[in-house]
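A.B. asks: Submitted below is the structure of interest, expressed as structure tokens.
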Amino acid sequence: MLVAALLCALCCGLLAASARAGYSEDRCSWRGSGLTQEPGSVGQLTLDCTEGAIEWLYPAGALRLTLGGSDPGTRPSIVCLRPTRPFAGAQVFAERMAGNLELLLAEGQGLAGGRCMRWGPRERRALFLQATPHRDISRRVAAFQFELHEDQRAEMSPQAQGFGVDGACRPCSDAELLLTACTSDFVIHGTIHGVVHDMELQESVITVVATRVIRQTLPLFQEGSSEGRGQASVRTLLRCGVRPGPGSFLFMGWSRFGEAWLGCAPRFQEFSRVYSAALAAHLNPCEVALD
């Protein structure tokens, strides 16, 4: 029994040492291999930064990843994940209250877009990476970027939870338009100058000309250009089929990994109608300066 206990402790120590060896110097990222991990074991990782990357080669067993240090914050926070290559060999879940798990990245997910979710106050910022079983030993890599930031908003719009996931091309309802206008990182009244399609990333890049910057929390549009208008790129899924067209729109969305991602883009007159009706009925969640 003593020998078995010593062997078990030695194995656990080797697993912990192997995990520690994969950290980057600033402990913001980790790279390691499942070939050194015992089947059925769970490696423990802690990354101290709010931005970083994970690369898990030949996934085996599972990893538990704590983000932003070991202490949970007192404010809600949003975590976003994006594959850095076709995601293979594992699934990524977010830990929720009472030990529940929420799927964020599934095996086979391509490079297009990613997924975000919101942790409440005092929820531990932890991800659970679980290897998926395969009969062969071909090279598989589960690699993704992450970003974590505090969120002071009362609630998270459904459009903010996924950038490049199923439902991203669905038109926003009236209620979603109003909520997105209040919670998004940018609200821009403008026109479509052009659209470029990236076949490799399966994304469309929309060049937006701003008539008016209503709100932005990131330096997306630089006001005061020579023409008095700013241009910026906003991304969406290729399969959404965005094309250049006439008319003015209200572009609303979020900053993800330093890029602007589209949430809702109603025609400006349509949003004005929805907002005016909500204002008259005292149902507007916030004030939007359209004039």
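Glycine is treated like the rest: Cβ placed from N, Cα and C.
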A.B. asks: Do you know which of Cys8, Cys11, Cys12, Cys49 Swiss-Prot records in a disulfide with Cys28?
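C.D. replies: Checking Swiss-Prot, the candidate bonded to Cys28 through a disulfide is Cys49.
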A.B. asks: Which residue in the list Cys172, Cys182, Cys240, Cys286 does Swiss-Prot annotate as forming a disulfide bond with Cys264?
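C.D. replies: In Swiss-Prot, Cys264 forms its recorded disulfide with Cys172.
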A.B. asks: Consult Swiss-Prot and report which candidate among Cys116, Cys182, Cys240 shares a disulfide bond with Cys169.
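C.D. replies: Out of the candidates Cys116, Cys182, Cys240, the one Swiss-Prot links to Cys169 is Cys240.
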A.B. asks: Which of these, Cys11, Cys12, Cys286, shares a disulfide with Cys182 in Swiss-Prot?
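C.D. replies: Swiss-Prot says the disulfide from Cys182 goes to Cys286.
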A.B. asks: I want to verify the bond table. Which candidate from Cys12, Cys80 sits on the other end of the disulfide that Swiss-Prot records for Cys116?
C.D. replies: Cys80
A.B. asks: At a 10 A cut-off on CB-CB distances, which of the disulfide-bonded residues Cys49, Cys182, Cys240, Cys264, Cys286 has the highest count?
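C.D. replies: When each Cβ's neighbours within 10 Å are tallied, Cys264 tops the list.
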A.B. asks: Using C-alpha atoms, which one of the disulfide-bonded residues Cys28, Cys49, Cys116, Cys169, Cys286 comes nearest to Cys264 (disulfide bond)?
C.D. replies: Cys169
A.B. asks: Express the distance between the Cα positions of Cys28 (disulfide bond) and Cys80 (disulfide bond) as a whole number of Å.
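C.D. replies: One finds 15 Å between the Cα atoms of these residues.
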A.B. asks: Highest Cβ count within 10 Å among the disulfide-bonded residues Cys28, Cys80, Cys116, Cys169, Cys172: which residue is it?
C.D. replies: Cys80
